[in-house]
Amino acid sequence: MSEDHFDDEHEGHGGGGGSRHPMAARFRGYLPVVVDVETGGFNSATDALLEIAAVTIGMDEKGFVFPEHTYFFRVEPFEGANIEAAALEFTGIKLDHPLRMAVSEETAMNDIFRGVRKALKANGCKRAVLVGHNASFDLGFVNAAVARMDMKRNPFHPFSSFDTATLAGLAYGQTVLAKACQAAGIDFDGREAHSARYDTEKTAELFCGIVNRWKEMGGWQDFDD
């Protein structure tokens, strides 16, 4: 199925594709929302979702984008979920930590989706497009959680995404998040990495920096057309 066909079939979703809000004009009716997940492995169908964060993107009166609102949840593994010891060692997540205060997948996804739908309405956009560093990984886990809970109101496009690994490779010659941020002049603390919240906020800064740099170079000017 092509993206255009999907859009035609789902035109009623979101905040109204006909709006001329500058954000809707800039991204063809889509609202970029940065997402990062920390998981119990690489398989979205079998491995646990342990953390998820999302950052909505705003736009100022001059057409420059910026990170707006952050949503973050530690997530209880779904029943029967696989969790690889190597994944916990890599992320540093301690499932039995008394301050972890995890919530169910349903609570996390519903709260994030509620915030995304609010941002869609505010920006006159019809649907969110996931932005991620190696975005297919994050989108796969979002889609798997949606399928597990049979959620009917997923604001995200099911297969389109913006990948900051690709964008950073083009803009800065770097595809690793930490190195791409450093090349972009964004502070990055490796001790904070592999927290969904930290990685999402840094990915949002990187995405906005690339989009704004492109605009400054003349690549996007008349966002009212």
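Note that Cβ sites are derived from N, Cα and C of the backbone, with glycine treated the same way.
Keep in mind it's a predicted model, so treat the numbers as computed, not measured.
What Swiss-Prot records for 1-21 is region 'Disordered'.
Annotation source Swiss-Prot lists domain 'Exonuclease' at 33-207.
The feature Mg(2+) 1 binding site is assigned by Swiss-Prot to ASP36. Here ASP36 (Mg(2+) 1 binding site) comes close to ILE52, ALA53, GLY132, HIS133, ASP138, ALA196, ASP199, THR200, THR203: these same-chain residues lie at least six apart in sequence, with C-beta atoms under 8 angstroms from its C-beta.
Annotation note: HIS194 (Mg(2+) 2 binding site) sits in a coil segment as assigned by DSSP. Of all Cβ atoms in the shown protein chains, 16 besides its own fall within 10 Å of the Cβ of HIS194 (Mg(2+) 2 binding site). What Swiss-Prot records for ASP36, GLU38, HIS194, ASP199 is Mg(2+) 2 binding site.
Per Swiss-Prot, active site, proton donor/acceptor is recorded for HIS194.
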(message) I'd like the Cβ neighbour count for GLU38 (Mg(2+) 2 binding site), meaning other Cβ atoms within 10 Å of its Cβ, all protein chains included.
(response) 24
